[in-house]
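> Here it is, the structure, as structure tokens.
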Amino acid sequence: MSSVLTVRGGVPLTGRVKVRGAKNLVPKAMVAALLGNEPSVLRNVPEIKDVEVVTSLLQIHGVTVLKDPVTGDLTLDPQNAKTAPSTAIDAHAGDSRIPILFCGPLIHAIGEAFIPDLGGCKIGDRPIDYHLNVLRQFGAVVEKRPGGIHISAPKGLHGTKISLPYPSVGATEQVLLAATRADGITELTGAATEPEIVDLISVLQKMGAIISVQTDRTIRIEGVKELRGYSHRALPDRNEAASWASAALVTRGDIYVAGASQRDMMTFLNTYRKMGGGMDINDDGIRFYHQGGKLNPLVLETDVHPGFMTDWQQPLVVALTQAEGVSIVHETVYENRFGFTEALVRMGANIQVHRECLGSVPCRFGQRNFLHSAVVSGSTQLKGTDIDIPDLRGGFSHLIAALAATGTSRVTGIDVINRGYERFTSKLEGLGADFDVQNSRKSTPAAQISR
Ligand code: EPU
């Protein structure tokens with residue numbers, strides 16, 4: 001059952017939203033609980049689809065997951081972990097990309113893992129070759145089976161030297177989750193160092209792991225025989241915070257993002273300021289606002305941390321349609337993350353996408369026919385239209401474009417947004433957005449929440 005939003009644009013979003021634990025950390029910390037010999041407690045857990053998927057996958061593997069009805073904190077007890085029926089695992093095929101991170105913890109807990117075919121946003125090919133190569137280097141045997149991949153380690157997992165061809169977030173996490181209880185020392189070079197990875201390392205250290213991170217993208221893990229449980233508060237979702245910050249600029253609004261953390265968003269904050277966005281940084285959150293004058297165009301390149309995060313790109317491109325002049329955006333992390341601009345062009349934006357690397361440094365996608373650079377000319381008045389949401393960040397971007405546009409937009413496929421934005425329709429309502437939610441199957445209003 002899918003929902004449809006009817007959005008009447010032109011209202012500046014004003015008010016306060018709260019961001020909770022990061023989508024790109026929380027499900028992984030939940031998987032890490034499998035490595036312990038006693039229960040773990042995870043706090044600041046958002047109600048999003050990936051948390052549901054991982055809860056279910058853990059439960060079918062015998063992990064007890066209890067949710068505090070008041071705080072939403074999770075207690076995860078792995079002491080009865082067991083092999084899951086393949087039909088139960090298959091039911092999660094295509095739901096998420098997180099299941100690939102179950103490999104190491106399941107091998108340590110029960111000696112084998114079956115991973116269903118993965119889901120996640122269609123923003124490029126998103127292969128898992130780095131993950132499988134890493135696992136093989138630890139001594140795992142990887143077999144393709146109908147509906148997924150079977151992984152075993154007849155001789156256990158052994159520490160090793162690994163060099164990643166690109167600082168992949170997921171592959172770095174794969175190494176961390178496999179290496180902490182592997183026999184011996186693992187040295188990973190070319191690692192990703194995103195704040196969510198550092199938070200996962202904090203979780204593992206609380207469990208008893210020995211992990212050091214050097215400034216040259218080298219991570220060294222000394223394997224230990226046993227890990228205990230952890231008690232951890234997940235770091236806040238900097239990607240959701242940046243999305244609301246862009247929404248404030250696009251709609252000429254003023255949004256206080258409670259929970260936003262300056263430390264994890266420095267590169268975004270510099271960019272926002274260069275564009276002319278207003279911000280007041282407090283201990284418990286950040287106020288983002290349109291200052292009334294013109295917005296400045298930018299030359300921007302996405303990159304791995306500490307560069308400008310790819311997940312910030314799509315909402316910010318909508319804001320760039322409102323800047324005076326020509327902006328250039330070079331996407332170097334995913335080869336296909338500009339598909340969402342097609343709907344923006346239909347709404348009146350002036351955006352051309354190019355195969356060439358329009359940034360300062362040629363990237364992996366330069367000579368390979370991927371439309372991975374964009375030229376945005378502004379400012380343009382956006383007009384409402386019909387939109388079918390393609391992926392998580394692209395979908396949020398379409399939504400804020402519709403909220404800024406003149407006229408009415410009909411937005412389908414909004415359930416994709418629930419994957420990463422907790423209760424986003426309630427948050428929009430609190431910010432004064434003018435919209436209705438309908439259930440598309442019955443096509444009668446299910447929840448009238450317009451103002
Ligand atoms: N890559 C490979 N082979 C692999 C793994 C990755 O070629 O085996 C490539 C990818 O195709 C991509 C690049 O390496 O071009 C980087 O991918 P990475 O592994 O870093 O991404 P990920 O772990 O799959 C996470 C986030 C993404 C975020 C990226 C980059 C989660 C669940 N997802 O994905 O979040 O964009 O890191 O920071 O943590 C989002 O939140 O909207 C989102 C897509």
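Along the chain as shown, the residues are counted starting at 1.
Here the Cβ of each residue, glycine as well, is placed from N, Cα and C on the backbone.
Those TrEMBL annotations? Automatic predictions, nothing curated.
Annotation source TrEMBL lists active site, proton donor at Cys121. Residues or ranges marked as phosphoenolpyruvate binding site in TrEMBL: Lys23, Asn24. TrEMBL lists Arg97, Asp311, Val333 with the feature UDP-N-acetyl-alpha-D-glucosamine binding site. The domain 'Enolpyruvate transferase' annotation in TrEMBL covers 8-428. Residues or ranges marked as 2-(S-cysteinyl)pyruvic acid O-phosphothioketal in TrEMBL: Cys121.
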> How many other Cβ atoms sit within 10 Å of the Cβ of Lys23 (phosphoenolpyruvate binding site)?
26
> What's the CA to CA span in angstrom from Val333 (UDP-N-acetyl-alpha-D-glucosamine binding site) over to Cys121 (active site, proton donor)?
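That comes out at 14 Å between the alpha carbons.
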> Calculate the distance in Å between the alpha carbons (Cα) of Asp311 (UDP-N-acetyl-alpha-D-glucosamine binding site) and Asn24 (phosphoenolpyruvate binding site), and round it to a whole number.
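With distance taken Cα to Cα, Asn24 (phosphoenolpyruvate binding site) is 11 Å from Asp311 (UDP-N-acetyl-alpha-D-glucosamine binding site).
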> Counting every protein chain present, what is the number of Cβ atoms, excluding its own, within 10 Å of the Cβ of Arg97 (UDP-N-acetyl-alpha-D-glucosamine binding site)?
17
> Considering Cα atoms only, can you say which of Lys23, Asn24, Arg97 is the nearest neighbour of the residue listed as 'active site, proton donor' among these binding-site residues?
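Nearest by Cα distance to the residue listed as 'active site, proton donor': Arg97.
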> Please report the Cα separation of Arg97 (UDP-N-acetyl-alpha-D-glucosamine binding site) and Asn24 (phosphoenolpyruvate binding site) in Å, rounded to an integer.
11
> Name the residue among the recorded positions Cys121, Val333 whose Cβ has the smallest number of other Cβ atoms within 10 Å.
Cys121
> Including all protein chains displayed, how many Cβ atoms other than that of Asn24 (phosphoenolpyruvate binding site) lie within 10 Å of its Cβ?
25
> Which secondary structure state does DSSP assign to Asp311 (UDP-N-acetyl-alpha-D-glucosamine binding site), in the simple three-class scheme?
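For Asp311 (UDP-N-acetyl-alpha-D-glucosamine binding site) - judged by DSSP and reduced to three states - the answer is helix.
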> What average pLDDT does the predicted model assign to the domain 'Enolpyruvate transferase' (8-428)?
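The answer is 95, the mean pLDDT of the model over that range.
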